[in-house]
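First the structure, in the form of structure tokens, and then the observations on it.
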Amino acid sequence: MVCRSALCVTRNALIQTHASRSSSQHRDTRKVQTRGQQLSMNRFKTSKYKNTTPKIPKKDGWIANVRGGSFSSQGNHIKSSCSLVAFNTDQAGGGMVGLSSVNAASDGKWTVTQISCHADLVTDLDFSPFDDYLLATCSADETVKLWRVCDLDQEQPSNAEVTLSAADGRLEIVLFHPAASGLLAVASARGVQVWDVSRDAALTVLEQHEDQLQGLAWKEDGSLLASSCKDKKLRLFDPRAQPSAVQCVQGHQGNRDSRVLWVKEDNLLTTGFNQMRQQEVRLWDSRKLSSSLSSLSLATSNATLMPLFDPDTGLLIVSGNGESVIDCFEVNSSEPFLSQASHCLTDVSTRGVALVPKLALDVSCCEVLRLMQLTDNFIVPISYQVPRKAGQDFHADLYPDTVGHAPAMTAEDWWKGENKQVERVSLHPSKRPKPAAPSAQETKPKDLPRGKSKEEASTSSSPLSTPSSSAAPSRSPSSTSGLSSGFLPSPSPSQSSRAIQSMLGPSSKFRHIQGAVLHRDTHITNLRGLHLTTPGECDGFCANGQRVAVPLAIAGGQIAIFELSQPGKLPDTALPTIQNSVNVADFCWDPFDTHKLVVAGDDAKIRVWQIPKEGLNETLTEPECVLRGHTEKIYSIKFHPHASGLLASSSYDLTVRLWNLEMGEEVKRLSGHQDQIFGMAWSPDGKLLATVCKDGKVRLYDPRKSTLPVQEGPGPEGQRGARVVWVCDGKYLLVSGFDSRSERQLYLFSAESLASGSVASAPADVSPSTLIPFYDPDTSVLILTGKGDTRVYIYEIVPEAPYFMECSSFHSSEPHKGLCFLPKAECDVRDVEVARAIRLGKTTIEPVAFRVPRVKKEFFQDDVFPETAVWWETSLTAAAWLSGSNGQHRKISLRPKDMTPMSEAPKEAPVRKYLPSSVYLEEKTDEQKKEELLSAMVAKLGNREDPLPQESYEGVDEDEWAKYLAQIIVMGAQVVGRAFARALRQEFAASQAAAEARGQAGRQSAAASSFTGMTLQEAQQILNLSTLTPEEIQKNYEHLFKVNDKAVGGSFYLQSKVVRAKERLDEELSIQQQHQTKPPDQQQET
């Protein structure tokens, strides 16, 4: 019994255990099924942003004149507010920040400017979320500065509003608090500080990281800070509770840079690298940081991923530094946590990325994101749009309320423990808040300890409060126009031209300038043994109005002299030369003496040569004088523009020396250069001397006052070479050089403030040769080309934005040694020639004319040819200049005596474009119509009275006859056509007279003439027949129809006349045959 009971109990227990297991398995199965259903539902759930499409504009819609920072830092290199875009730039060693507008101007173009911020590299920057014009920058100089920037049409500040000294080494990251005004988080290499800008010290200093800090981010409510570090750890800080991390977990396994940011709710997102060196994105729950919620591996690359997140749409932008791929993901609160929305491949690689605030988006085209992509030379605005029917209704489901511009609390309130969310505003156009304008009222900054300054605000307890957003009340058109009818007044012609100019942008009157090589009769050919490897500081050759000096590749530094008045083919025999005895470093003509050539040699000596008036007929071996003083090889030499016999020279001994050629001695020695001197240039008034150096500096000297530079500023960063020239009446310096990527660039500097860097720049192209500039002060036209180039760049330089106005380029068929420009008096003003240059080719010397196309060339174009300075005449001596005197060139007019200025030309009466209606309504007779038709035919055949081109063929070279022979053949056909047209006109007139003389013709013959529209005599004259026989008619018809074929110069009209003539004669033969076959009595009746 006991055993049976025990068996029963055991059996019942097994049954219960099995039932319990079945129930548990059933519950687990239901859980798995429910989770699978949820995953399935989430997977097939449709997102309204899944078709978000990036729209990349064409290149003319990019922000140009940008030099993106190429240095390494932990920031994104670019930030945006609703109004402005700020970015790192390579200028001034990275100590400057570039500024541009978010939206283009009315002409579709952007303006770019720079402000000098720090003495060292600017590592990061950030706009205040509550003030579009408050910019914070941090630098390697261990300071944080706050700037009150302005719109681009206003002058930017030269001093910061607030300067904070963190004293923690190089600073890497600066972030504004997302909810409190005047609160900053600043990160150095390993530490993080939180600053209230109204205080003199940091609110708190967080615990040091164990390695290089790589990423930092505020939570959306500003309660927590997250950081990523090179030690592969992810940390969370509560700055108000404790300086140490409240959580610290293992992050990405890769050793490369990582980034962190807060996304939806309490989630964190990090980017970095996994153990396989693949780019990786991870999503974390800040409440349970022990493991990540999800991870996504991207491509295998070394580029650091820069993430950007929009909390309103949940869209995540990820772009690699140095890559051209931009990915867009949607972040979800459940699986799948990351789903890709778009994959964008751009034309250029990325240096940095930034999102434009939501309040600046264009909701009319369903734009949900706008990304600013910083590249080497451009900022590309990429618009992410949802494909919907745009322009009608506001799509509220795409645009939830977003954070506004009003701070939720002050920095003091936050530090006391308050947590408040920023008030949200609607993106509906009618409900959107008015944009804030920059404060125009300046207040006196207070004196703060440690050199700190700030601007007092009158409406907030924070010293940097948001400017007032109140704007002037808008006025309706009826209240301002003064017209009750509602129609606007028509604009005046000047207003219309200004409106058109504002739409099309500024344009140069020289934009269609044309360069052309003059006729070969003016060329000097058969050049041999040219020295094609002169130093980079030398122009390669030099010319004045009478002769050209060209170095030869012959031992002893020989120079050939060619007279421009004696063009033609040079003999094969040796030419008389100047034997300089050493290699030529640089040489130039005396601008006031066309017979004096100054040559600098490798032996640090300067030799002065005097060329005979009749030209070089024998080899010269003894110079007029030799200047000694430099201790190293000479770079370049430049004559003073006013003082005769005053020469400047630069050398490898890093000095610039001034020489008095009349005395043959050194008079000044300038110092201050730290490296090779690339180029130098005298100011137009001759008071200052500018130099550009390999040490990356542009310097200004006043030689009569100091031997050290009076100004110094950042120049081109490339070390291949540079040139400098004065432009805009001496107000600006133009430097052609290379950037850090060895691309040719043009820079414009204000002569009054070199330290502030260039005011504008223009990219050229990639080439190893330095662009050699020539500037015409009369037209403000800048012409540049390099040794070995085939293209000549032409710009008009203006003293205000856009500064560089590009004109048409001149292209040569083969590479040239360079260009050398002649005095303005050599230009042919009758042909509107604004510049004349000498082009040195491999074996030729060719004159090149630069002309401006004009219609009324019979008038003197006084808008193109103002009075020009006679710079080829001296205005004072070297001794007078050295004693303090200044000279000025006299000016002359280039207008020939027999030409009337265009400004005084008689105004023509307006010509009607259309004839009056009476001309068209007037009835014309058949004879008038026939005469008009014949006149049109004659004009079509070219019956004009102008001379034929071959009549002007005089003195044509034998080798050109082949080219003209084809033209002569074609013109011969035209001559034949003209003669035929004249004969046809005479025959037509004779046929009319004969028709009138006939009077009464036979009824049948008259009926045939009426039917065919041609009389018998007209038909006989056309086919050239005196007697009518079928054979002669057919023979002449076939011949005339063939010779008047359009393929051989005839026309369909003439062939139609031949056909009609044959039809008329065939009809006449038929009538005659019928008359001959009739009986005599019928013939009598007839």
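Including glycine, each Cβ sits where the backbone N, Cα and C put it.
Per TrEMBL, domain 'DUF1899' is recorded for 43-106 (among others).
The repeat 'WD' annotation in TrEMBL covers 115-149 (among others).
DSSP places the residues of the repeat 'WD' (206-238) in helix, strand and coil in these numbers: 0 helix, 16 strand, 17 coil. Marked as repeat 'WD' by TrEMBL: 206-238 (among others).
Annotation comment: TrEMBL describes 423-502 as region 'Disordered'.
Residues or ranges marked as compositional bias 'Basic and acidic residues' in TrEMBL: 443-457.
The annotation compositional bias 'Low complexity' is assigned in TrEMBL to 458-497.
Annotation source TrEMBL lists domain 'DUF1899' at 503-568 (among others). Within the domain 'DUF1899' (503-568), the DSSP-based counts of helix, strand and coil residues read 5 helix, 22 strand, 39 coil.
Residues annotated as repeat 'WD' in TrEMBL: 627-669 (among others). In the predicted model, residues of the repeat 'WD' (627-669) average a pLDDT of 93.
Counting residue by residue with DSSP, the repeat 'WD' (670-702) contains 0 helix, 17 strand, 16 coil. If you look up TrEMBL, you'll see 670-702 (among others) marked as repeat 'WD'.
Broken down by DSSP into helix, strand and coil, the repeat 'WD' (627-669) contains 0 helix, 26 strand, 17 coil. With a cut-off of 8 Å between Cβ atoms, the residues of this chain six or more beyond the repeat 'WD' (627-669) that come close are 535, 537-538, 585-588, 590-593, 598, 600-608, 675-682, 684-686, 689, 691, 701, 703-704, 707, 871, 874-882, 886-889.
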